[in-house]
Every structure is written in C-alpha cells, then in structure tokens.
Amino acid sequence: MYAGGDMHRGSQMPQPPMMRQSSASSTNINPDYHHPSGPFDPNVDSFGAKRMRKHTQRRAVDYTSTVVRYIQARTWQRDSRDRTTLQPTPAAAVDMLPTVAYSDNPSTSFAAKFVHASLNKNRCSINRVLWTPSGRRLITGSQSGEFTLWNGQSFNFEMILQAHDQPIRSMVWSHNENYMVSGDDGGTLKYWQNNMNNVKANKTAHKESIRDLSFCKTDLKFCSCSDDTTVKVWDFTKCVDESSLTGHGWDVKSVDWHPTKSLLVSGGKDQLVKLWDTRSGRELCSLHGHKNIVLSVKWNQNGNWLLTASKDQIIKLYDIRTMKELQSFRGHTKDVTSLAWHPCHEEYFVSGSSDGSICHWIVGHENPQIEIPNAHDNSVWDLAWHPIGYLLCSGSNDHTTKFWCRNRPADNPRDVLMQNQGYNEQGFGRQPDNFQPSEASPIPGAFVPGLTRNEGTIPGIGIAMPFDASSQGDHKQPLPGSMALGAPPLPPGPHPSLLGSGQQQGYQQQQQHQGHPQQMLPMPNMPHHQLPPSSHMPLHPHHLPRPMQMPPHGHMPPPSMPMSHQMPGSMGMQGGMNPQMSQSHFMGAPSGVFQGQPNSGGPQMYPQGRGGFNRPQMIPGYNNPFQQQQQPPLPPGPPPNNNQQHQ
C-alpha cells in the first residue's frame, strides 16, 4: 500500500468486514444495510451535523457583573453614605450592586420577579430545594427519590440521580461545604460529597420519615427529626446518634440548630415549639403560641430571633432573650408550609403556603410587603435563597421548581405581582385578564396627549389631536372608539371653518408660512406686509412640507389628494367655483370646512393650480426651477361638455 513513503494513489481499498466503521446508531441498523456508509472522515461529525435543535429563548441571571462593580466601587466608598443612588432608568442596571451592598435597604432584594420554571420529565412533587454552597447549581429532592441538578444561572437541566428508594424529605449542606446529608421517608440517612458521590448510608437512623436536618456550627454534629416523635443528635464522623430527645407527643415536623450555641429548636404536630440543650439532652422551654401543627421553625442569623410557622395561618417571631413573642404576621389564607430568612438582610424573610402563594415580609411591618397569590398551583413545600441573595427558589407540589429574582431599575411594577412575566412562547408578555401588552409604534411622531404610543396615531391617518392643547389643561377627555379619522394637529387658534372668508385667507396664509419655516427667502407673490417666520420657531412633523404624490398613469387622483396642475374637462373649469383653501394641510378634516356656501353654483372643487391666495403655488419636489415641468397625461373620460361648463 505504501511505496517510497507515499500512500497508494489508486482506488481506495475496501475495508474488511470486521474493520468496517460502525455508525452511532449501528445498534438499530443491520450491518448488511444496502446503503453502506462512505469513507470515514475524522474531521467531519456526520451524525452530529444532522441533529437539529429547536431554538428557544432562555433567560439567564448572572450576578458576576454586580460583584465586579462592587469590587470597583468599594475602593473609594468609606460606607453606605458614599454609595451612589440608582436612578429609575433601565440604563442604571449596569450600576447595580450585590444585595450585601444594600444592607440598610432590604426592599432592594425583594425577589418577586418570575424568571424560570423547571420541570422534570418524571412528574412528581418537589419536596426539598437546596443551593450548592457556591451557588452554581440547585439540587432538588423529589417524591420519586431523585436528585435533580439545575444550572444556577441559565436554569437548564444538568444531571439527575436516583439517590433514595423512597421520597426525599430533607437535605442540608455542612458549613465547610464538603458534605451533604439527606433523609427520606424510610428513615434512611445518606452522606454525599460535592460530586454527588454517596460515601455513607444509615438505613436505620429513624423508624419513620426524616422530616428535617440541621448542622451545628462546627460541623462535628448534626440533628434530625422524624415522625417517630424523636429528635436525634448525631456524630457526623461516626454516623451514630449520641442522644435522642423525646418530649414531643406526636410527629416532629421541623428542627433547626442555633447559629452559634448548643441550642436546638423543634416544632411538631402537638402544636408546641420546644428548645433543647444538646449537651445535657434536656428540654429548656416550650412555647404555646400556635393553635395547630407547627410546620417550620427557623433561627435568624443574629441568633436572637426565632421564626415559627403553623397550620393556623400565622407566623410568629420570638426573642429568646426574653422568651416572649415579638410579632405575629397574618397574611396567608391557608397553612404556612415553609420559611426562609434572607442571607444578607436579617429582617427580611419569605414564606410559602399550601395554596401556592408566596409572601415577602419585613420585621416590624404587620402586612406582607409583596404577596404573590398564584406563585404555584399547589403547596409550596420549600424555599431556598441563593448564597448571594439575589435569587429565590421554590419547590412545590405542582411538580415545578421556580426561580425568582429581584427587580432591576425601571422595571414594570406589574412584574412585582407576576402579572407580566414569562418569556416562552406561551407566556411571553402576558398580562392579567388577557390584556395584551402595548407595542411601541416604530414611526416617530406626535401622539394624542394622555395616550400611550400605540394608542396615538400617525399624523394624517389617525385620530386628530385637539386643536388647542392648552385648553384641556390637566383634565383630558377620553376619545371615543368610534371617532372617524381626522387631521393632524393645528396650531393654537380658532378653527378656519369658524372664520369669515377674509379671515380664512389670512389663516391659510399663516399656515403656508408655518409649512416652510426654514425658508428664509420670501415665497413668490407674498404680500409685502407679511414677514418670513423667525428661525427659532419649533418644527413639528405636521409642519414639514409633504412631497407631491402623483397618481399612476391612466387613473384619477383620489379626492383627498391635492392637485396643482391643470386638468381639462369639466373638473378643470372654474366657471362658477368659489375660491377654496388648500387641502394639503387639512387632510382628513370634515368636508364642510373646504366647501363654499350651499347656494353656490358649480362643482365644489379647488381652483386648479391656485392656492389659498388664488395665486400659483410652488410645490417642493415637483415644480421647482430645476425640474422640467411636464403636463401629466389626460385621464380617460368624455370630452368636456359645454352644458356643464355653463351650469
């Protein structure tokens, strides 16, 4: 095959049957298929080139730019007093900083803007949501026992793992960010590394479902609560329980370890909130504030506030320094199922309900600052904040995982209520009550005061503006929907139809001067007492001259089209016609404005080739000195009749 180091240049030798290259789909195709594959080319991926993927619009929320901006800005900012204030314009989005930079203003971190809804192919309830310590991915625990990993910036699917044989009920990361512990309905505990490698499992940790997990500050111990009425403290290294706290008379639904102390709080089906000393294993205190099952308990990062949620639709805040209730939050209409403190603002937290609503609260305010009544179609089982604090994730019984972000400067206020959110083909630009969002007109121009751009009109083809905008003041009357097409706006002053014949000529003369404000030379045959308009007068789109539109050959011009050339026949005769004003500026106005007296003879037409002063006019772009004036072709029709000429 080789001769002198060169490859044989004859016909290519066929490959032996055993060395034939198999395609990626060879498992489904007979090797003796009657269309053999061509020669193998290592530089061409013939299989990958044939795959067609549908282009979809995907929204990405990246916090990198805000962090870079914060690093640049804090070099010269001594404190929050040196921080610049964001202006309510879209251009100010480049100046946004992370949530930690606005520690004195928690309202800047309200994550109520819907971003994305992630859905698994295996439709089942999402019981737990948990961000990775770096915030790059989100891990969800489902009713099917699967871990699903979603990208934390583009929210697309990354990986799915069958982690448990039964529904996952609890997940927690260690503070050193190296291990994750999960529990399921069968009472099994499992240890996971960052790469989702299962390193240890305890299948007899509890007799019933493990409802919640929490690590201590040193990561040497963690606690768990179960429906078997016990709270257990575990040695993390040995994975053995050191003590079992028995004091609840029923299922224990939630547990949380104090941020800095050896103190546990638990809430259960017996409507009690209990405090425990993990060193001695004894109960310290019981709080009897709720009248139904306590579903969630959370310590604040300051270590002094304790937040509890119950099926009685009430959220309570306790201060452990005085062991008294600080505040009750009432706003939910169904069971409060989940709670989450913001990582940067200690007074800001969110809550989820069994009716699918999510409320945003600030300590010191009784009512929710933001309420999203239809965030989910079913119960919100868990809420989790991104470590940076700009994203909120919610897992629900409606099988979806939803992401929420904070608003940018000049965002639509309706976005706060999730009424104009979504970006896919089904939900793009949706608004309540099937109200379609307005689209801006691509043609610039003046529009009716008080209306948006799409509700206004293009001058000359839509609803007319008021003749005197100053007469309306602050009380603008709405325009009826059945109003006929009108003319572009006229300058302030009385309407020409209300003036006498002599005043109409003066008014029309003023309009002709305003139609060419940039011509400093006087128009031909201009009266000597009229001066050219000053150069400081404002220009408006309806004041600019319009080019002449010629009709096609062999057709009559439309009635609304101004004509400045002579036309033979009965329409060109001026026997009994009254002088009329030019129609070029009042296009679309009522016909009575341009017609003469009712008893005047002759057809009501313009004197051809004459303007408002009964003198020849120069039409820009048509009969200027640089163009050769040519008579247009005669329109088809009968010759002029002498009888019509004298009538």
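Backbone N, Cα and C atoms are what each Cβ position is placed from, and that goes for glycine too.
These figures come from a predicted structure and were not determined experimentally.
According to Swiss-Prot, the protein has these features:
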- 1-58: region 'Disordered' (REGION)
- 121-160: repeat 'WD 1' (REPEAT)
- 163-202: repeat 'WD 2' (REPEAT)
- 205-244: repeat 'WD 3' (REPEAT)
- 247-286: repeat 'WD 4' (REPEAT)
- 289-328: repeat 'WD 5' (REPEAT)
- 331-371: repeat 'WD 6' (REPEAT)
- 375-414: repeat 'WD 7' (REPEAT)
- 466-558: region 'Disordered' (REGION)
- 478-487: compositional bias 'Low complexity' (COMPBIAS)
- 488-492: motif 'PPLPP motif 1' (MOTIF)
- 496-519: compositional bias 'Low complexity' (COMPBIAS)
- 526-538: compositional bias 'Low complexity' (COMPBIAS)
- 548-558: compositional bias 'Pro residues' (COMPBIAS)
- 593-647: region 'Disordered' (REGION)
- 632-636: motif 'PPLPP motif 2' (MOTIF)
- 632-641: compositional bias 'Pro residues' (COMPBIAS)
(message) Averaging the per-residue pLDDT over the repeat 'WD 4' (247-286), what integer do you get?
(response) 94
(message) If we skip the immediate neighbours and take only residues 6+ beyond the ends of the repeat 'WD 2' (163-202), which ones have a Cβ under 8 Å from one of its Cβ atoms?
(response) 125, 127-128, 130, 132-134, 139, 141-147, 149, 208-215, 217-219, 222, 224, 226, 228, 234, 236, 239
(message) Counting CB pairs under 8 Å, which listed stretch among 121-160, 205-244, 247-286, 289-328 touches the repeat 'WD 7' (375-414) the most?
(response) 121-160
(request) Using a Cβ-Cβ cut-off of under 8 Å, list the residues of the same chain that are 6+ residues beyond the ends of the repeat 'WD 5' (289-328) and lie near it. (result) 253-261, 265-269, 271-273, 275, 334-341, 343, 346, 349, 351, 353, 361, 363-364, 366
(request) Pull the DSSP breakdown for the repeat 'WD 4' (247-286) and write it out as helix, strand, coil residue counts. (result) 0 helix, 22 strand, 18 coil
(message) DSSP-wise, what's the residue breakdown of the repeat 'WD 1' (121-160) into helix, strand and coil?
(response) 0 helix, 22 strand, 18 coil
(request) Tally the residues of the repeat 'WD 2' (163-202) by DSSP class, grouping H, G and I as helix, E and B as strand, and everything else as coil. (result) 0 helix, 20 strand, 20 coil
